[in-house]
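*Asks:* Could you have a look at this structure, given as structure tokens, before my questions?
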Amino acid sequence: MAAITIPDVVLHSSSGQRKMPVIGLGTAPEAASKVTTKDAVLEAIKQGYRHFDAASAYGVEQSVGEAIAEALQLGLVASRDELFITTKLWVTDNHPELLVPALKKSLRTLQLEYLDLFLIHWPIATKPGKVTYPIEVSEIVEFDMKGVWASMEECQRLGLTKAIGVSNFSVKKLEKLLSFATIPPAVNQVEVNLGWQQEKLTDFCKAKGITITAFSPLRKGASRGTNLVMDNDILKELADAHGKTVAQICLRWIYEQGLTFVVKSYDKERMKQNLQIFDWSLTEDDYKKISEIHQERLIKGPTKPLLDDLWDE
């Protein structure tokens, strides 16, 4: 089986105009999955995935690193440079003086010399210490965005990462960041799916040359009630009409918006299906139907209780 070639996008503010594959594999741990992260990453590399999205808070950096080392050893990829590796800074390290050491620690755990992309996981900071989830509101301290971003820029200048960016930033927070950034964020990773289409934010990011990476592109989360996307009758009809799965309709829509995305399936067959979205397209009529889907944010925030000003829309 020939691995599928995945299109990529150039990250504008990256060192050496680094290219990022439009599809990445998310590695946040799945409690129900029988497949280990390491095996999933290896399988994904065999299928043609080259972009892997981790985070220090997921506790998977070691597994991802082991998979990369093994893929190189087995000759599945010729060199580390063929892979695009993202990880994220957790809120406990979201402080100017802790940031560079936190990235160096992630690199050691991943057994890598450099990252391709380093993201601020959430636009909040907590007291340094151990990772807890959800985050207790009593732990939150003032987030020094300017100082933190200066340290992020330092990471890129030191060559520890090829690009820097953010995750879960609203338009308002991006405007604030852009007002003092000397290296603008290359990426904003946020929830985008057919049930939360984020038009205003995606338009803003496009205008500023910031690449959006969609997480929860299939709006998973059965534990959070019905899935507005996967159980959607409109989408089931479109899938039947195209001879595709609902997931493929969702991912094709995101791709046609000019966005990138990370999918999280450790299932071999679904991994393969998620790559089969490049040789067909949606119609104008499909778009009309898609625009009628009820819109509601799935991921309301990482804190308990929720912060009412996190999204400041």
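Cβ atoms are placed via backbone N, Cα and C, with glycine included.
OK, TrEMBL features for this one:
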{"type": "DOMAIN", "residues": "24-293", "note": "domain 'NADP-dependent oxidoreductase'"}
{"type": "ACT_SITE", "residues": "Tyr58", "note": "active site, proton donor"}
{"type": "SITE", "residues": "Lys88", "note": "site 'Lowers pKa of active site Tyr'"}
{"type": "BINDING", "residues": "His121", "note": "substrate binding site"}
*Asks:* Around His121 (substrate binding site), how many other C-beta atoms are within 10 angstroms of its C-beta?
*Replies:* 21
*Asks:* Across all the protein chains here, work out how many other Cβ atoms are within 10 Å of the Cβ of Lys88 (site 'Lowers pKa of active site Tyr').
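*Replies:* Taking every protein chain into account, the count is 22.
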*Asks:* I'd like the number of other C-beta atoms within 10 A of the C-beta of the residue listed as 'active site, proton donor', please.
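*Replies:* Other Cβ atoms found within 10 Å: 21.
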*Asks:* Work out how many Å separate Lys88 (site 'Lowers pKa of active site Tyr') and His121 (substrate binding site) at their Cα atoms, rounded off.
*Replies:* 5
*Asks:* Looking at the domain 'NADP-dependent oxidoreductase' (24-293) alone, can you tell me the average pLDDT?
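*Replies:* Its mean pLDDT is 95.
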*Asks:* What is the interatomic distance between the Cα atoms of Tyr58 (active site, proton donor) and His121 (substrate binding site), given in whole Å?
*Replies:* 11
